[in-house]
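Chemist: Straight out of TrEMBL:
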{"type": "DOMAIN", "residues": "B:13-77", "note": "domain 'MrpA C-terminal/MbhD'"}
{"type": "DOMAIN", "residues": "B:194-302", "note": "domain 'Na+/H+ antiporter MnhB subunit-related protein'"}
{"type": "TRANSMEM", "residues": "B:6-25", "note": "transmembrane segment"}
{"type": "TRANSMEM", "residues": "B:32-49", "note": "transmembrane segment"}
{"type": "TRANSMEM", "residues": "B:55-74", "note": "transmembrane segment"}
{"type": "TRANSMEM", "residues": "B:95-113", "note": "transmembrane segment"}
{"type": "TRANSMEM", "residues": "B:158-179", "note": "transmembrane segment"}
{"type": "TRANSMEM", "residues": "B:191-215", "note": "transmembrane segment"}
{"type": "TRANSMEM", "residues": "B:221-241", "note": "transmembrane segment"}
{"type": "TRANSMEM", "residues": "B:253-272", "note": "transmembrane segment"}
{"type": "TRANSMEM", "residues": "B:287-308", "note": "transmembrane segment"}
């Protein structure tokens, strides 16, 4: 394995936010906020340039750290899927940072405050961890990335310091630690069996033995707990609903996608030699159940943030349909594209909706849906964002959500797996129900008392994010070719 | 049966027995004691498996630091009059958890027996590469940690910083900047103070030694740092030292020193050795020791700060 020209950029994509964390922690106080905001353009430029290099060469970008190649050393690898996710993270994290400036400014009169320092450092840590998850090509290196992600995400949940936020964070921590240890056990087994942790080398060597099946089961179970796939979803709604809006946007939009991305890496890159039909059917069934069950629970929530959080449970479900669809002998490429468009559409739409829910809760002083009558007249931009985000969640055109479902349905048709159309269409119908529950009272006659005028800039950040979710509907053909770059075609992943 | 295999069987049975007792103990303190004993026995198991580096780490972290952490947490729970015990898990949940644990343990036991023998391993390659011209180290584990997998090792220290900040972040807003509560409320008696006065300097010396010889013999930054951390905690438990204020610049710099120096040397590798995290041919060993010295400092400071908990008291 040799490094590609420009491969060092992959390491810098991880090191830049890491340097930010160390500097912020050492300098303390207001520096943490300034450093995070200064990182935004650098991170976006790095992600964009890496995507450009991958697109130009049409092959994955590789860097061998220290010039010491695997199996002893570690490599980083950017394929089309990694570069796409890095660009998404480089848009959503800065948007959340920009939105959070007002809430997490260090107050006058103190040198440093608990909430501000924690928020800004953990936000940079999430960015570093996600970039490493998207680029990692070594299973233990990816474990370190998962730990970085967990230890950054959990404190964000209880940053408000209320007792119920602490309880939600503790529950999240327990699930996440179960996930870590389970993943690590599987990694140790694979090393014991094959003497390497490099994804490419493992993919070439692995055969379907009891050891590999046990490792696969342990690692998958751990990653599902971190992704909150039904029935391991119970930690997600309280955690995402109790975090501050800017943190919820990143947690729901990006953090759960990190462990989902690793589940994809595991099954399509590390384990292509395993017969995929049975595990793909199990993952697809859990995903289908999540899509229906999460939507039904979202329909019953009295508060907007909880509703949006339960909608995340449902939308995560669709992601797992990629396993049966992309591993099918026919239509695999359609299923793969559909899965990635769903990841992106949900990331942007959900981040926008959580930011809007934050604007709304601050303006009205509550987020009880029953008391929204007439709110759309008072906060038209925010409800426009919520409505457009809902459009993508339902899967109506023109939106990324529609594009994702359309691709997935075509993959169902091409591979003859009609059963997965049930959750795709049924979940969309139920999403229509819960989006209607938000919008109908808001558009009705009534007068709400606006306690504080929302800042226009924050409403525009949310609208901009939802704009990206809609723009995905017009993604050119080249984009779908791009996310297929480096996708393995052997074994389970035939096109 | 000769003596050593008989000892091994006895050790294995003892580990399982202590583990079962730790779970079965009704009293929190008793189960913590069981857990510490379990960690020390595991360290012996690692010695018998010819893995002295793992044994050192297990003894320092599994037996030492985690033990103090759990004892301190238990004491603080006792002190909280309002610490109500929630609804205990029902019988069905217990059976489910037990069945799941048994399933995982059974599957692990089975597949470990199916492992090829001898198992494929990178250890010979690592030993050869470590002693080679690039590194010149006698201890392949140090070579793997600081050279081959340097990227992992650096990022793990960043995780440690996040953990410290995460612990601090559950404190009260008003207490931000203040020092954590002392490890013991009451002044200890003379015996504890005497023990700390004797033990801490000796332990300090051993810790530095373990780090220093780690390039060629069992030991290294983590083991040495963990031992120094334990000595710091002994001094704090004897109230010979108090936890520092969390806004202290010195404390913050000590915490970031390890990963920061590692990162700077790693990036400098691009100019000096053509690769990020590569060391120039003739300077590998001194550079590795230089990085490790700062890692020892960061680990020795981070572990006691994790045990001390969030800031407590007034910020001024």
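A Cβ is built for glycine as well, from the same backbone N, Cα and C atoms used for every other residue.
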Chemist: By DSSP, how many residues in the domain 'MrpA C-terminal/MbhD' (B:13-77) are helix, how many strand, and how many coil?
Modeler: 59 helix, 0 strand, 6 coil
Chemist: For the transmembrane segment (B:287-308), name the stretch out of B:55-74, B:158-179, B:253-272 with the most CB-CB pairs under 8 Å.
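Modeler: It is B:253-272, which has the most Cβ pairs under 8 Å.
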Chemist: Mind checking which residues reach the transmembrane segment (B:191-215)? Cβ under 8 Å, same chain, six or more beyond either end.
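Modeler: Answer is 56, 137-139, 142, 221, 223-225, 227-228, 230-232, 234-235, 237-240, 285, 288-289, 292-293, 296, 300.
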Chemist: For the domain 'Na+/H+ antiporter MnhB subunit-related protein' (B:194-302), jot down how many residues DSSP puts in helix, in strand and in coil.
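Modeler: Counting residues by DSSP class gives 83 helix, 0 strand, 26 coil.
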Chemist: For the transmembrane segment (B:55-74) and the transmembrane segment (B:221-241), check the count of CB pairs under 8 Å (sequence separation 6 or more) and say whether it reaches 3 or more.
Modeler: yes
Chemist: Who are the chain neighbours of the transmembrane segment (B:95-113) in space, where the CB to CB distance is under 8 Å and they lie at least 6 residues beyond its ends?
Modeler: 89
Chemist: Could you pull the average pLDDT for the domain 'MrpA C-terminal/MbhD' (B:13-77)?
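Modeler: Per the prediction, mean pLDDT sits at 88 for the domain 'MrpA C-terminal/MbhD' (B:13-77).
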Chemist: Need a quick answer: max count of Cβ pairs under 8 Å to the transmembrane segment (B:158-179), which of B:32-49, B:221-241, B:253-272 is it?
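Modeler: The stretch with the most contacts is B:253-272.
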Chemist: For the transmembrane segment (B:253-272), find every same-chain residue at least 6 residues outside the stretch whose CB is under 8 Å from a CB in it, and list them.
Modeler: 150-151, 153-155, 157-158, 161, 164, 221, 278-280, 287, 290-291, 294-299, 301-302, 305
